[in-house]
Amino acid sequence: MNPFQENVTNLIRTARAIQPNIHYGYPPGVSLTDFVTDDMKALVHPHWSKFPPVNPMWHYLLGTIYIFLGIVSIFGNGVVISLFTKAKELRSTANMFVVNLAFSDFCMMVTQIPMFVYNSFNGGIWLFGPAACELYACLGSIFGTCSICTMAVISYDRYNVIVKGMAGTRMTAKKAAIMISGCWIYAIGWSILPYFGFGRYIPEGILDSCSFDYLTRDQMTKIFGLCIFFFMYCVPLSLISFCYYFIVKTIFDHEKTLREQAKRMNVTSLRSNADSNAVSAEIRIAKVALCNIALWADQSTITPLVTILPALIAKSASIWNPVVYAISHPKFRVALQEKYPWFCINEPIKSSDSESVCSSKTGVSAGSTVSS
């Protein structure tokens, strides 16, 4: 055995001998909370002191993932907002909801990503102090809740047009503005409560971000946790589930009626390709809307690494929202093709296309068509 091989062998033997006493290079007995700055220690829940530091790889990996999410989301939602301001044909009342969703997602990524990425690449601890921690968590709550509420409003708008049809309430710009304002007031109202002593915002998980305190077991925190779970998750989810259940049911009932009429007329189908695409679009959006809101589920099954995944997946929803609710729609793609030709989109332009992204005048009785 040459000297090099002997040295390598000795290093391997030494590493194997001391491995039970080391943890990713940290000394024995080191806790996750030992690296917290002095001004943040009062905010960190004792629960996290039970865990050793995570592998530093996680911080770098998460920082890299969040950079990607931030760039894609900010770009995608920025394009939707830009198209709405530049293309007059997109300025319908229904599309106001889509733009509000894009704006909310855009703001969330702008306010959340920079601080998280900075922390991730500088030791993986919160470095901006208690006030910034509370503000970070509060803004994340406001924009996240507003996005969920906006998806619920979009589902109601589709329900009103597709299920109610001509009997539905006409959506005006004033009504849309009131509903959008309601989403923001609802989100802000619940999110600022920790500033008034009802719950609080603290560092969570691997301690490079902040969120609601879901660990303290006093009565006030328990009540607050139940309230935000019910009002910020269950209520929007219930509305979305209700609306899209009847939307999909109406679409399938309409399909059944068309098939029966086609059978009596001895033809293959009475449905046009546009109808077919519309049905597929509505079902696809129903699935994605339910999946998106499910991404915001409760985060309280609780190890440092477990808390990473729900937050990561929730933020990834801001990538899919502009694609599902806007850019996937022909009218948005036509506008994208006209305003930004370097996207290389080849969307046929229809001279009589009067569709909007969220709703269009649709009937579900005999002779009507379903469109998105």
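Backbone N, Cα and C define each Cβ position, glycine as well.
All annotation found in TrEMBL is predicted automatically rather than curated by experts.
On a predicted model such as this, the values are computed, not experimentally measured, just so you know.
What TrEMBL annotates here:
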type	residues	note
COMPBIAS	361-372	compositional bias 'Polar residues'
REGION	352-372	region 'Disordered'
TRANSMEM	58-85	transmembrane segment
TRANSMEM	97-118	transmembrane segment
TRANSMEM	124-156	transmembrane segment
TRANSMEM	176-198	transmembrane segment
TRANSMEM	223-247	transmembrane segment
Residue numbers, six or more beyond the limits of the transmembrane segment (58-85), whose CB comes under 8 Å of its CB atoms: 91, 95, 98-99, 102-103, 105-106, 109-110, 113-114, 116-117, 119-121, 123-124, 206, 208, 305, 308, 312, 315-316, 318-319, 321-323, 326-327, 332, 335-336, 339-340
How about long-range neighbours of the transmembrane segment (176-198): same chain, 6 or more residues beyond its ends, C-beta under 8 Å? 93-94, 96-97, 100, 134, 137-138, 141-146, 149-150, 153, 212-213, 220, 224, 227-228, 231-232
